[in-house]
Every structure is written in structure tokens, then in C-alpha cells.
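Feature annotation from Swiss-Prot assigns ATP binding site to Lys579; the stated evidence is sequence analysis. Among the features that Swiss-Prot reports, motif ''HIGH' region' is placed at 42-52. The motif ''KMSKS' region' annotation in Swiss-Prot covers 576-580.
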Amino acid sequence: MNESYQPTLIEQLAQEYWEENETFEVKEDLSREKFYCLSMLPYPSGDLHMGHVRNYTIGDVIARYQIHKGRNVLQPMGWDAFGLPAENAAIQRELPPAEWTRKNIKKMRKQLKQLGFAYDWSREITTCDSTYYRWEQWLFLQLYKKGLAYKKNAIVNWDPVDQTVLANEQIVDGRGWRSGAVVERREISQWFLKITDYSEELLKDLDELKEWPEQVITMQRNWIGQSQGVIINFNFEKGPDKLQVYTTRPDTLMGVTYLAIAPEHPLAKERAKKSKKIAAFLKKCKQTRVAEADIATQEKEGIDSGLFAVHPLSKEKLPIWIANFVLMEYASGVVMAVPAHDERDHEFALKYDLPLKPVIEPADGHDWDYNQAAYTNPGKLINSGSFNDIDSKTAFNVIADYLKNNGAGSRQTHYRLRDWGISRQRYWGTPIPIIYCKTCGTVPVPENQLPVLLPEDIIPTGHGSPLKETASFYKTRCPVCNKPATRETDTMDTFVESSWYYARYSCPDQDKVMLDDRAKYWTPVDQYIGGIEHAVMHLLYARFMHKILRDLGLLNSNEPFIRLLTQGMVLKDGAKMSKSKGNVVTPQSLIKKYGADTVRLFIIFAAPPEQDLEWSDSGVEGAYRFLKKLWGFSYRIKDALLAINQQKERSNYQWEAPEHRQTRQQIHECLQQANIDMERLQFNTVVSAVMKILNILIKLTTDNDAEAHLIREGTGILLRLLSPITPHISHHLWQSLGFGGDILDTPWPRPDPKALQTTELELIVQINGKLRGRIQVPTEASKEIIESTALNQENVQRHLADKKIKKVIVVPKKLINIVV
């Protein structure tokens, strides 16, 4: 053991030891309790950033802690390798995305290994490998057979110059990020997965996720968006056709003054054929972004269709407008407009001089100026004929029943959740295993022809879809009739890859089936770690896919993740680290200067996992100083501990002196609190406990046999508490101080109940209720001894001078009050 702390050397030695001994490679073992710890897999950008380091350090602390607790721990790592960023980077660098991606993976794998994470690298997966996406294609075929994968027209952001679909984040001020062209809304045929078939179960099972953050549960509940409402039929003024409207406020039905339909509604398209003004309006609407948030905040615009519907109760004529704020994807693409009781309808009505008809007044009877603002709360019905004077809640049921009994409507449970559109008009993604034949139509690729390989030598230009221009890919033969046919050139949304990867880690070498029985052993994941930004999309899709895999008999649980931790961001100067802000701190430079253990210790000590972490250079220096202090202390006690650790009776040592028992009690109290905090995932206070223990031990001397044994016990506790957080130095010191074996094979320390037993009490001494001193007495001291000790306390005696004691009151285990 060197006298000075040399992190680079000891970290290299520890990592070589783990690799040579395959320390973290695990096998299924039914005799042991399993623990599956997983951090969200990274996109291989080429460089680890501090957000990665924090995420993976937290996960590693949890995994190593569970190893110490004797569990069979799986902690794998892989790469979310497909997607738009790789394609864009490849366009800029003029090289194939496959080449760029694999180069980045190699670099990032090395960076992760430098941090000493306890990953089972034998299970590594890369989502752009055909051995992985082959099973994703197989899964798509199963969904297609069950009617859960289907194709329909949907609206997308279309760049007319680059001839490609854009994600919302690729649009800057209404223009394509590369071409600068004005982006259009275009309707194209796309593949969808029927997640809505699982809406009710996805909502209901949120109640089972007891160890998920409440914020995530709420976000998913709102995204699924269950509502109870009524479908209402509005017949056309002329002809047998009707428009169906879904509403959660049937109590406002008598206040409807117009209907509004989406620009993509078939009726709007039909009217555009007969009116140039309507056609021009629909064209203008195509230049609106697709995102719901953008539509909600844009200026409300519309045009009269020239058609009328009939109110189902009053039989009044209602004009039908085409409005840019109505979403075709929501319900039926038709809105019943109640301007007096809906802010959006109110804004639109004032703009186009449409009538307002108040039908709800505040329940407390105070006046409301409906011309100034819509009254949107429940209340009492007015101007509603036979429904007058009943409250909104009662009116919901009364009007719903009336509509049902008169064939004008029906109750319906509605979900805001829409089917998952997985088509991407991109190159770098999983090919969708579908063939189009002029004779046979849409034909799924036979399972024995999987995988449909993505050509990896393409250099995308950013114009159009590269697969549509690659004849060697799209030209094929129909598997049914053997005539010339074409492949689907859309690729899958990368969220599909990340919706089932956690299960594939259980059997990445399996080439006969998607998942085998090992998946049932390891799933569900016991602890999942990742950012709150994935609360809805990724986590919802993974929950959906887990239920699909269960229904296919591949898994035997209902949910993928038992416990979820959403870690906070890493900030510098109050802002999230980013290259554009110039506030990035690179992990590699810190590891080179201080070592991985220092980086890990700072990350863990600086803030609780779920809170944002403010970067501090002085905090990193402080972590480094602590590890040097630990090393220096260990070097000083090395010879004494090596000698004690060779003694057979070392574990049965008895401490007699009160001061030694008190010191031991302090150490075990720190351990007791640290164990509570480890279970609560409050790792920063575990570090605080370790620092307290070291400060206690440093004051002891190895020249005293009792204290030397205290140092041995305390150091053994300290190193195990640090082992999940700073594994390299803990591994090295454990062996250098003669504790024997691998520290990871030793059980997690537990406080000794005897050590926690208090032998002395501190009591406060009052004179006429005022604090005058404190005394230490044995726990079982008699009243006489307590009184005598209190009266002989120096400060108490000074205040008693020339005073006559009337009585002494002893409150057991709390205080003594001397009345004078």
C-alpha cells in the first residue's frame, strides 16, 4: 500500500480484478432473491455528460448495495442506437450513421468502464443490431395478427423542399430546420399501434405503482385522460346525415350556438371542392404545426361552411364552422361550441360575431358578465326550458338520460390517449416488416424471412427518404404470389426499441425466440432510474408493451418497473449544463485529475438523488480531500489492523471502559442512520455518516488495544458503507488492511443492538425552572444518586450559594428541578 493516494492506479487495479473475475456477470438462481436494477439506456452521442454520470452512479450505488445484501443482482447496459440525431450527425459528417454510431458506442463504453459501474457487460445490447431489431419486427407481426398494428391516414409536419416528415422540435418559427421551407400539415398513410385498447388497464394499474413518484403517476393519469361524457347526435338541416359530438358538459347543451369541425374533417374537404375561400382556408391551416400545444396557443381562426345542423333539443338551426383549433384526432373532430361557457368558443364567437347564450349561472346567484368572459364553472341551469333551476351535476345525468331515451345520444367513457403512431419517414431505424403487392395487397413478411435488414452503407442527404431511393432494399417479391413487390420504406419510432429493451437484457443471446424463461425470472425491474422527461412517452409505452408481452405469454407480470426514481438535473451557474451555454464540465477531465471515486462521491454527496444538483468545483475538491484523508488514516493504521485481522478472537472483543463503549455506540448510531438512509435512497446523508465515523476513528490510537479493536470494527463498517459509492478505494483498502476476500462478498453491516444500549443519560438541571447545568448519570441510577450528582454540579452549586432548598423534583430520564 503506497503512502499517497493514487486513484488512477488503484482504480485500474480494481477494474481489472472485476473483469478478470467476472464479478458482475450473473446467472439465474431460483434459490436466491433477485434484484434487477436498471438505468435508462443512453443514446450513443459519443461523450458521457454529467447527467449520464449522475444517473448511472445512482443506479450503481443501488445495485452494489443490493449485492452486499446478498441478492442476485442484474445491472446491464446497452445503447439506444437508432434515431434522428444519428441521422443528422451522419448528414453533417457525410458518413453512414452505422459507422458514426458504433464508433461512439466504443468510446462511451470505455468511459463507463472508467467509472467502475457494476455492469454485466456480457448482456450488452445495441438496438441497431439486427440480432435485436429482428425480434422487434417479430413483435410487430404478432401485433399485426392481433389487429393491434394497423395503417391509417394521419397528419404530419411536412417539409416540401426536403420531402420529409419533421418532428415538432425540427421546426423553427414555422420553417424546416435544414431547408428553411414553410412547413405544411400533410395527411399521409402511417402505421399505428393500438395502445387505446389498453387505456383502461393502463389507467387502473397506476394504482398498483406504489413506489413511483406521485408526479409521474399524475402526468400519466392526465395523459391517458379518462373522462365521462355523452355522444350527442346533431342532424344536418337537410338530408339524413349527422355529426356526432363528444362532450363532458351536457349541462351546457342548451347554450350551443354553432358547431366547429376540424380542417381535416371529410365534410370540410367536401365543402372545399365547392368554395375557393374554404379551399384557401384549408391550405392556410396546413401551415400550422401538428403539436397540440401549438394549436392551443395559436390565434383562433375559422370559416363558415355554409351548412347547418339541428339542435337535438331546441331544434334551432346551428351554423357549422370550420375552425383551426379543432383536432381531428380528438373524439370525432367536431366540437359543440358554447361561447358563454367555454373560453376558446367565447374568443371565436366574439371574433366572428356569433351569438352567446348563457345557460349556467353561478350557484351563489351573483351576476356574471358573459360578454366579458365565459363562465366555465358548474352552477345552476337557466334558459334551458324544462331543465331550468337544476344544478350542473344533476343536469349531466338528466340530459344524458333524455338524449338516450330520445335516440339523440348516449353515455360514453372517453380517453384522451390516442393510438401510437410508429411510422417514421426516416432511414436510421427498424424497418417495418411489411410488403406491398399489387395482387395480394398488404402482406406481412413471413417470420422465417426475418430480419428485414436495414442497409448500413447509406449516407443520408437529408432529402427525402433514403430507403425509397434504395432499390436493393425496397424491391422484393411477394411472399404469397412471388410477383414483384415493394417493401415498406418507413421505419419504426425509436420509442419502440426502448419500450421492451429491459426484458431483452435477460436473454440477449437467445436466437430462437424473442424472450425465454429467463425474462420471467428477472422481470419486473425492481429499480428503474431515469429523468422525469420520460414520464409520459417512454414510461407509458414500456407499460403498454409489457402488457402486450404478457398477453403473448412471454412475461408473467403486469408492470415493467416496480420502483421508479427520477433523478434531478445537473446544473452549473443555475442552468442545465449544455454546450450552447458554455457551462459543460466533462467527466473525463475530472476522472483524469481526481479519479472516478471522487467524481462518484461528489455526485452522491452534493444532493439527494431526486433533487437538482448544483455543480461546485470546491465540492469536488472537498470529495477528493476526504478520500485522501481516508487513505492517510488507513496507511497509519495498516500494520495494527493487519495484526488484529490475523487474530481468531478479534470479533468477540469486549470493551469495558465507558469511554470506549460510548465511542462504539456513536459508530453504531451512525451505522443505524446510514442503513435507514440507504433504504430511503438518501445517499448524501449516508456519506455524512461515513464522514462522522472517520472523524471518530481518527481520534483513536492503535497503541491502545481496546481502541485498536474499535478502529478495526469502525473501519470495516466505514469501508462497507462506502463500497457502493466509492467502490475502487473501498475494494483496495479492504484487501490492504487484511479484512480478507472481496469486500463485495461481505454482508452489509448491521448495528449491534448491545452497542446501541445507552449506559448513561444526560439530564438537565434547573433551579426554579431555569437551566443551570447538565449531568451524566448511569441509566439505572437511583433518585438519591441523581439528586446528589445534580447538587454537586459546579455551576449549580454557585447558583445555590446562600439559597435555601425547598424541594428537589426528579423527572425520570429528563430533568431535575431544584426549588429554592
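Heads up, residue numbers simply count up from 1 along the chain you see.
Quick reminder: no glycine exception, Cβ is built from N, Cα and C everywhere.
Sequence-distant contacts of the motif ''KMSKS' region' (576-580), counting only residues of its own chain at least 6 positions beyond either end whose CB sits under 8 Å from a CB of the stretch, comprise 49-51, 569-570, 615. Restricting the average to the motif ''KMSKS' region' (576-580) gives a pLDDT of 76. Neighbour count (other Cβ atoms within 10 Å of the Cβ, all protein chains): 8 for Lys579 (ATP binding site). Broken down with DSSP, the motif ''KMSKS' region' (576-580) shows 0 helix, 1 strand, 4 coil. Counting residues per DSSP class in helix, strand and coil order gives 3 helix, 0 strand, 8 coil for the motif ''HIGH' region' (42-52).
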